[in-house]
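The feature ATP binding site is assigned by Swiss-Prot to GLY36, PRO37, SER38, GLY39, CYS40, GLY41, LYS42, SER43. Swiss-Prot lists 4-234 with the feature domain 'ABC transporter', giving sequence analysis as the kind of evidence.
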Amino acid sequence: MAEISLRDVRKSYAGIEVIHGVDFEIADGEFVVIVGPSGCGKSTLLRMVAGLEEITAGEIAIGGRVVNRLEPRERDIAMVFQNYALYPHMTVRENMAYGLRIAKLSKAEIEERVARSATMLELGQLLDRKPRQLSGGQRQRVAMGRALVRNPAAFLLDEPLSNLDAKLRVQMRLQIKELQRTVRTTSIYVTHDQVEAMTLADRLVVMNAGVAEQIATPAEIYDRPATTFVAGFIGSPAMNMLPARGLGDALEVAGQRLAVPAPAGRDLILGVRPEHLHAAGPEEPGFELHVQAVEWLGADAFAHGRLADGTELVLRTPGKAPVRERDRLKVAPDAAALHLFDAETGRRL
């Protein structure tokens, strides 16, 4: 196991910078998830750690050793890809053992490592099968086993669950979490799926257009997003964003005055999550929501609508008492769960 350091890491293609000075430290045994939309630079960043992409500027260290100029095989890392990358003519056992054979480990050591990893990943009954005889989830477990037997300093996982169906993704998510709890190997996991990110990570790195917008625990990112981008990306449905103006001792939002201190004369954005809106009392300041669509999900329902000024709003309600389309509701935000952002920079106040 080893700590991993990224120090002002940059990447350019044809003079155009696509990764903009990323800095973070990963502790020994920590599981860090890099999450963001397509094209944000998360896989490029992972490939630079792996040595599959050259670094334009900055420094990457694994276990205290700068690896900028080292080949991938010299970095003591193991990668798991979304397409499994198994040898079709080899059995599960042979696929898992292949890297160890190349490294010229003894036959006894190879057998012991393969057996231990197969037990951990529940592959014991599949060792003599070939990839074509396996399900997608089983193939991904073999790919993980092939990485695990190497006892690397770090695991790098690039969207390993994206080819699986929803049920298998849940099963594999739980298995990866249990595996990390057992082996405690330093890991970097890349995904665009916020559920994977929130449930697996010790810490998240939220990427946007080559910039690490926020690096924090899942709870901190959900409860205190640093920017409007993070607030809108993490959480489903996304956080409601309402244009607002500071009045000093209050906030003007959609024609209503809320008792929320805010810098006078400043254009702001009020963020409120769908679960932090409630039906307003007769004397309580609130917004009239014209419901246009309702998504019923069983335990919960999400009412989508617009305020009088056209601002879109989503409200979460109990599934047993959902609102109906074309309803008009007076709703108010929970005062203890509001988020204020600067309208120009998008940064949290």
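Using the three backbone atoms N, Cα and C, a Cβ is placed for every residue, glycine included.
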Suppose the ATP site is GLY36, PRO37, SER38, GLY39, CYS40, GLY41, LYS42, SER43. Which further residues of the same chain have a Cβ inside 8 angstroms of that site's Cβ centroid?
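So the additional residues around the site are HIS192, MET207.
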Only counting partners 6 or more residues apart, tell me which same-chain residues put their Cβ under 8 Å from the Cβ of LYS42 (ATP binding site).
ILE34, VAL35, GLY36, VAL190, THR191, HIS192, VAL205, MET207
Mean pLDDT across the domain 'ABC transporter' (4-234), rounded to an integer, is what?
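So the average pLDDT across the domain 'ABC transporter' (4-234) works out to 94.
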Please work out which residue of GLY36, PRO37, GLY39, GLY41 has the most C-beta neighbours within 10 angstroms of its C-beta, and give that one of the binding-site residues.
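Within the set of binding-site residues, the most crowded position is GLY36.
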Tell me the Cβ contacts of SER43 (ATP binding site) under 8 Å, same chain only and six or more apart in sequence, or just say none.
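Sequence-distant Cβ neighbours: ASP158, GLU159, VAL190.
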Run through the Cβ atoms and count how many others sit within 10 Å of the one on CYS40 (ATP binding site).
24
